[in-house]
């Protein structure tokens, strides 16, 4: 039992990616570059898919919202992280920390299910092409995207208060570069069984159901592609989902590495490196993946660069 007269934490110290002083400026420059590329790439995707008539299909509608989510996720994390590289007092207030955790949860959960929605979209496009515009109508697209954001928000409003319902009174040093639930709960001086259970249930359920949707969709996509007789037809069908397959593989591969590693090898330092990848690196890579492997996006980008005012 923790004594009631202990001083409760009003601010936290974010230990960051590294505590070595000589690495602070090089790391600042590296992550500033990553964040700059993330903002440029995702704003580019949002702009192109909004203004060009060739990119007004459901696939690009979902891609636009994936870019919004990637941009939001990085912006929740990166600015505070960059500031902390340059200051000696790497603190964040109690409520600022709670807000950052809530924002992170909204966008990371939305990304998980947006990738699942995009997999379902590719399944319908390849397996039921004649019914595509009926099954994935404008109304259905808006509904799926709205539910994705709403579920991310609901997850944040349940998990965040749960994490901050415990007492923080012994240490305020978070072994991370942002306020995440696992390192936060590791600091608690009270019983964490309920919040840990809530975090585990939400994390496991979200990952399981989104992966089931992705796996079933791509299992049927592969079967449909194999049934196509002409090699040109198979190549065309595969090209429509190749970018998304790469993005899904990178994203889920990182999450599975983080959650399925043996307990004996698990550490907050490992989590920190994995978090760098899926909060900052993947949002930077997604616009590159979808641009380089997508002929429509490349054609629109070339036309936009040659005649931006047209």
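Glycine residues also receive a Cβ, built from the backbone N, Cα and C atoms like all the rest.
Whatever TrEMBL says is automated annotation, not expert-curated.
As recorded in TrEMBL, the features of this protein are as follows:
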- 25-49: transmembrane segment (TRANSMEM)
- 41-290: domain 'G-protein coupled receptors family 1 profile' (DOMAIN)
- 61-81: transmembrane segment (TRANSMEM)
- 101-120: transmembrane segment (TRANSMEM)
- 141-168: transmembrane segment (TRANSMEM)
- 207-226: transmembrane segment (TRANSMEM)
- 238-261: transmembrane segment (TRANSMEM)
- 273-292: transmembrane segment (TRANSMEM)
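When each of 61-81, 141-168, 238-261, 273-292 is checked for Cβ pairs under 8 Å to the transmembrane segment (101-120), 141-168 comes out on top.
Residues of the same chain lying 6 or more positions beyond the ends of the transmembrane segment (238-261) and with a Cβ under 8 Å from any Cβ of it are 59, 111, 115, 118-119, 122, 125-126, 203, 207, 211, 214, 218, 221, 225, 270-271, 274-275, 277-278, 282, 285-286, 289-290, 293-295.
If one looks beyond the transmembrane segment (141-168) by at least 6 residues along the same chain, the residues whose Cβ comes under 8 Å of a Cβ in the stretch are 2, 8-9, 12, 58, 61-62, 65, 94, 98, 101-103, 105-110, 113-114, 117, 181, 184-185, 187-192, 194-195, 198-199, 202, 206. Tertiary proximity for the transmembrane segment (61-81) is limited to same-chain residues at least six positions away from its ends with a CB under 8 Å from its CB atoms, namely 14, 16-17, 31, 34-35, 38-39, 41-43, 45-46, 49-50, 92, 100, 103-104, 106-108, 110-111, 114-115, 117-118, 121, 141, 144-145, 148, 177-178, 279-280, 282-284, 286-287, 290.
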